[in-house]
Every structure is written in C-alpha cells, then in structure tokens.
Amino acid sequence: MLHHTAKAISKFTITMNVGLSLKGDGASRSVPMDCVKASEQCLREYSCSTKYRTMRQCVAGRESNFSAVTGPEAQGECRSAIEAMKQSPLYRCRCRRGMKKEKNCLRIFWSIFQSLQGNDLLEYSPYEPVNSRLSDIFRLAPIIAGKPPSTKENNCLSAAKACNLNDTCKKYRSAYINPCTSRVSASEVCNKRKCHKALRHFFDKVPTKYSYGMLFCSCPAGDQTACAERRRQTIVPVCSYEDKDKPNCLSLQNTCKANYICRSRLADFLSNCQPEPRSISGCLRENYADCLLSYSGLIGTVMTPNYVRSQGISLSPWCDCSSSGNNKPDCDRFNQFFSDNRCLRNAIQAFGNGTDVGVWQPQPPIEPTEPGLTRTRTRDQNSNSLDTLTDMSRLDLNSDSAFNTCGMQAQKLVSNVSMDTTLCVVSFVKSKQLRGIISLPFLT
Amino acid sequence: TRHRRAKKRGPPAQKRRGVVGQRARGGRGQGCALKQVQLNVTDLALGYRSGEEMIFRYCAGPCRKSETNYDKILSNLVQGKRLPPKDRPAQTCCRPVAFDDDLSFLDDNLIYHTMRKHSARKCACV
C-alpha cells in the first residue's frame, strides 16, 4: 500500500496527462490519446476502420511498389483515406514509456507516421510530452532537497543508500544487477538482452528521484575516482554497454531504427535534448526534466549511452566514427549530440545542483510577467565547482544552427523512403498551440 | 481455538526505522515481532567492504511456551528426561518465515554483489 502511494505521488506529473487523454477525442484538447486505444476505437467504427485499412494497404503497396496501388484511381483512394485519417484521433495519438502494450502502440504510431507524410509533415517523438519539472523531483527527493550536494560527500553513494532504503528502488535495482552480473557461459559476459530489459524496467518503474539520483549524481571536480566511477558503473557497463566491437555510429543508428522501442526512444531523445545555442538554458524545449527522462529512456536499448570519462560529464553510446567514409561529418554530428550537448550537460548539472530552468515551461499560462531571474543563476552556477564544463560559452556552429542541422541531416540521413520533402519545423515551444512539436530531421 | 489464534498472531512486516521495542498485538501481548535497523553493508561482517547502507530486518521477541500440542509434549518429555540425552530439540522461537527482496550493491572495488534471503519480511513463532 505504501509502495502504491509513493508510486502514485512520484508519477503524478507523468500520469496527469494520461488521465486526461483517456476521455474523449484528442481533437479539442492538446492531450493525445494513446495509439492502442485510438486504433481500437477506430476499428470499432465502420467508416474509420475502412479508411484505416485502405491507408494501411496504401502504405504496404507503396513500400513494395505494388502496381495496383500506384495507379491513378488507387492514388485518389489513398489520398482520401489519408485525409480521413487526419480527422481521427489516430492522427495525433501518442504512447507512454513503460505502458502495457508499448511496442504495439509504437508500431501503430510509426505506421501512421510513415503514411501521413506530405506537406504537413511534423516530426515528433511518439511519447507524450511529460512536461514534468525538475523541481517536482527535487521536492520529493529527501537527499537533494534542502541541502545542496556537498563537494566532499560522495553524492552517488548517498543516492545508492537512498535507493536501498526504498523498497521499489531496491527491488528493481537488484532485478537488473542480477542479470547484468550473471555470467552465462565462458564466452558471454552476461545475457545482454535480459540485462537491457531489466534496465528498461528499472527506469520505467522506479521513481525518478531515486533512479536519477544514481545516474545523474554530481561528482566533485577534485576527487573523481570513487564518485565518478561509481556513477559510470550504475548501468553495469561491462554487460549493458561495452561489447567486443564498436560499431559505426550511423550503422548503430540504423540498427536502432529497426527496433520500434529504440527508434522511439531515440526520437524522443533527439527531440527533448535538442540544444539551442541562443537559449540560456541550452535547451530548445527549455525543459531539463524531459531531457533527462528521454536520456534515461535510451538505457536498455542498442543505443545505450554511458559516461565515458571520469572527468566531467561526457556521454556517448557504444560506437565511434571510424570507417564512416563520406558520412563522417554526419557521424560526428550524431556522436556530438551525446558527447557535446549543452542542453543535456546543463540538465544533468542542474539535477546535480538541485536547480531548474527558472520557471520555463513548454506550456506557459498566458501571463505578461515572466519571473526569469532564476535563469541566469542556473547558467552561471558553478559555485560548487562540480563537474567542469569545458565549453559553457562556446556556441554551436552558427546562428542558424538549428535550421542548418535540420536541412543537412534531412538530406543525408534520410533513407530511401519515398519522402522528398522533409519539412523541418522548429518552433519555439512557448506557443501553446505548437506545444510538443519539434523537428526530427533524421527520422524517416 | 486458542492455539489457532496464537499461531495466527505472527505479526506482519513493520516498516519503522531504527530499533524499536516490541509491538503488542491482540490481548495476549504477542512478543515475536519484526524489527529493523539501518546498517552499513560492511557492518554485516560478511566480508564485503562497501559504503552502501541498507535496512536489516530481523525477528525477535519471546514466544509463548506450549503453543502447540507438539510443544507441550516436547517440553514435558524434555523435563521428564524421556528423550535420548543427545537429542535436544529446540522449543518454539521467533524466526522469519519470509524474506525480503534481494539486495544488490556496489562494493569499494566497484564490483556488484547480490545478497539473497538476507533480511526478514515476516516473523512467526515456529
């Protein structure tokens, strides 16, 4: 019972949107319905289900270049089916991390996403925007709230203690450490698949104050060995991260895209941790909590990232850019999204410091006053001299970086799907109507 | 029914921090209770060296004698020296009947360990 209430409190912000989405259609509210429910509802209605089936046949036919589908008559039918689908709740359905039929939901999302391409293409993450605040996590975290992390104490150790003292965290922690440390044979260090699955469960089920505490704990600049190394070991990297070979990052990306969950988590990460050099927070979406959530969502997929050095915050998936050939710039760019991402780094530091992005919310109430004085504080706060930021002042590329990256990646990284025009719409999320819509240029 | 009631009185898990006294339950003042204490993993003296802390729950408290017929008979026979001298069957005592979830931790050498059945979840007089 205790477990349930604790879970309920910690997941309050996450489930808040979901509760609203289950009622009625998603057309009036900006809160979307989940794709499994939406497709069930559609299949129950005759008109919707016929259009849906037609649309799916169009997609299948298009992919296999089936001649019957490419004829003019069929194209007209396909177009009308697609137009009809845009009216249904399926059009803007989303999914939740760790939901019961997550893979199913994502499959439905991507099949619709691939079908409804065209001029009004808006690429976004299949996950509902959670819009939680770091401050919510802080308020509930007994360790961090109240006292700033000391530079002497091992914050990562304190986080582990907090986890052990909480039944949920303790249980799920052991549930992943066990498969990740069990040797299965002479040649295999562990059962990676089981380890990954258990890791995903951990980050899905355990309240973020505990899981983030161990993953994003801040380590003092001086004594790096114990604290930072413990932080690096959080995900049991020898099993879940390292491998005999290091693949090329772009080919790892393709491998990721072939799996619904990885693809979705990656889309979510690219969306929520998109850096914005002109913003003080460093993040385009101005929400540290969402960025951290998306990052932790990658753990347990093929794109599992981890800390690579004991110094500072430097993250990377298990891949490099050797043998990239002509694609080296794109490969480097992708790699840098992890290793040199101002938004992600700021978010992790903010968590460690116990601060947040002022009062930035992706969906602000329509108020004239904006108490943004706390902005500068988070930006310049290195009083604790925790993890060194090597390039706080360096701006990415040039002033139109967001748009440039968008265009370039759209051309290079798009695989051979029949979409020619990738409309990159980068909208600053202060506008209520455009909430949650961000461009993901690389996704097809 | 007196025995049935006594058997049922093995108390469920209590989640209080620190060492606490016995918790009286029901009219008979059942003594066998679940208690807990917070420790460093190193303090468990199992040979691990780790800075992590955990909660250790244990069962303690007196068990009323002669809870079952078995116990009555046993204590009578022991007193009457009717059993072989080398046999010294134990009387009822307060012991765990269920254990907590596994605990995993990272030791000072950055190696993970998992402990099973290390802490009690439910106590009873057995």
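Quick reminder: no glycine exception, Cβ is built from N, Cα and C everywhere.
Look at TrEMBL and you will find A:35-117, A:156-239, A:249-343 tagged as domain 'GDNF/GAS1'. Per TrEMBL, the feature disulfide bond maps to A:Cys42-A:Cys48, A:Cys156-A:Cys217, A:Cys163-A:Cys169, A:Cys180-A:Cys195, A:Cys190-A:Cys239, A:Cys219-A:Cys227, A:Cys249-A:Cys319, A:Cys256-A:Cys262, A:Cys273-A:Cys291, A:Cys283-A:Cys343, A:Cys321-A:Cys331. Feature annotation from TrEMBL assigns N-linked glycosylation site to A:Asn353, A:Asn416. The feature region 'Disordered' is assigned by TrEMBL to A:367-387.
Within the model, the domain 'GDNF/GAS1' (A:35-117) shows a mean pLDDT value of 79, rounded to a whole number. For the disulfide-bonded residues A:Cys190, A:Cys249, A:Cys262, A:Cys291, A:Cys343, a Cα-Cα cutoff of 10 angstroms around A:Cys331 (disulfide bond) retains A:Cys249. Taking each of the disulfide-bonded residues A:Cys239, A:Cys262, A:Cys273 in turn and counting other Cβ atoms within 10 Å of its Cβ gives the largest count for A:Cys273. Here the C-alpha separation of A:Cys227 (disulfide bond) and A:Cys156 (disulfide bond) works out to 6 Å.
The CA atom of A:Cys343 (disulfide bond) is located 6 Å away from the CA atom of A:Cys273 (disulfide bond). Checking Cα-Cα distances from A:Cys156 (disulfide bond) against the disulfide-bonded residues (A:Cys169, A:Cys195, A:Cys219, A:Cys283, A:Cys319) with a 10 Å cut-off leaves A:Cys219, in sequence order.
According to DSSP, A:Cys343 (disulfide bond) sits within a helical segment. Helix, strand and coil content of the domain 'GDNF/GAS1' (A:156-239), in residues and according to DSSP, is 60 helix, 1 strand, 23 coil.
Here A:Asn353 (N-linked glycosylation site) is compared against the disulfide-bonded residues A:Cys180, A:Cys219, A:Cys319, and the shortest C-alpha distance is to A:Cys219. Separating the Cα atoms of A:Cys321 (disulfide bond) and A:Cys239 (disulfide bond) is a whole-number distance of 22 Å. Taking the Cβ of A:Cys217 (disulfide bond) as centre and 10 Å as the limit, one finds 26 other Cβ atoms among all the protein chains shown.
For A:Cys256 (disulfide bond), applying a Cβ distance below 8 Å and a minimum sequence separation of six or more within one chain yields A:Cys262, A:Arg263, A:Leu266, A:Thr301, A:Val302, A:Met303. Secondary structure of the domain 'GDNF/GAS1' (A:35-117) per DSSP, as helix, strand and coil residue counts: 67 helix, 2 strand, 14 coil. Note on proximity: among A:Cys169, A:Cys239, A:Cys273, A:Cys283, A:Cys319, the disulfide-bonded residues of the record, the Cα nearest A:Cys195 (disulfide bond) is that of A:Cys239.
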